[in-house]
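Record features (TrEMBL):
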DOMAIN    1-180  domain 'Formyl transferase N-terminal'
BINDING   G11, T12, N13  N(1)-(5-phospho-beta-D-ribosyl)glycinamide binding site
BINDING   R58, N100  (6R)-10-formyltetrahydrofolate binding site
ACT_SITE  H102  active site, proton donor
SITE      D143  site 'Raises pKa of active site His'
Amino acid sequence: MKIAIFVSGNGTNLQNIIDEVESGYLQNVEISMVMTDRYCYAIERSLDKDIRTYVLDRKTFSEDAEHNLIDEEIDLIVLAGFLTILSPEFTAKWGNKMINIHPSLLPKFGGKGMYGAKVHQAVLEAGEKISGATVHYVTAGVDEGEIITQGSFEIEEGDQVADLQRKVAEVEKIILIEAIKKISETI
Ligand code: GRF
């Protein structure tokens, strides 16, 4: 299965995928390309492994990405900490072949403007007792696509945004890899 990974940040999830491809756990997965909408640390991780890496303009991302994807027979796009909202045309075309990882238990704490630390802040302010992460298919509605898998953890007394970020990263590492593996076994 050939995958394209879209990133905007630190690339922790990108690195987890790279590691599990290298370990052989994701044995049927080949990372064909990485695309990003900004200069970010994820690019270093990608280039370090000689993965084809594109830095695209946010404003024309969907169209430009399409050009890059078209020649490759990409089976799956993974949005791994990707922050640009893709065009409705793009999601309509690739939606059933595109998954996203979101740092909350959707449908709670999702949607436009809910990303990164803002999610964790909102979770803490709402007094939630548990949080987690979700892998879902991508539709035009932000964070609204069919849920593939979720993982959760307890929020402890005194937990701050940084604690939730750390716990979410642990959960994401497991569920994103499992989701990709599951999909790779059906292709
Ligand atoms: C993750 O929490 C992911 O759920 C969210 O952004 C963060 C990505 O971090 N969409 P990284 O770039 O994989 O380190």
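Cβ from N, Cα, C; glycine included.
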Alpha-carbon distance [N100 ((6R)-10-formyltetrahydrofolate binding site); N13 (N(1)-(5-phospho-beta-D-ribosyl)glycinamide binding site)] in Å: 11
Integer Cα-Cα distance in angstrom, N100 ((6R)-10-formyltetrahydrofolate binding site) to D143 (site 'Raises pKa of active site His'): 8
In three-state DSSP terms, the structure that N13 (N(1)-(5-phospho-beta-D-ribosyl)glycinamide binding site) belongs to: helix
Recorded positions close to ligand 1 - of G11, T12, N13, R58, N100, D143, only those whose C-beta is under 6 Å away: G11, T12, N13
Overall pLDDT for the domain 'Formyl transferase N-terminal' (1-180), taken as the rounded mean: 96
Chain-internal residues, separated by at least six, CB under 8 A from T12 (N(1)-(5-phospho-beta-D-ribosyl)glycinamide binding site): G81, A169, E172, K173
Reduced DSSP assignment, R58 ((6R)-10-formyltetrahydrofolate binding site): helix
Cα-nearest neighbour of D143 (site 'Raises pKa of active site His') within the listed recorded positions, G11, R58, H102: H102
G11 (N(1)-(5-phospho-beta-D-ribosyl)glycinamide binding site) versus H102 (active site, proton donor) - Cα distance in angstrom: 14
Local Cβ density at R58 ((6R)-10-formyltetrahydrofolate binding site) - other Cβ atoms counted within 10 Å: 13
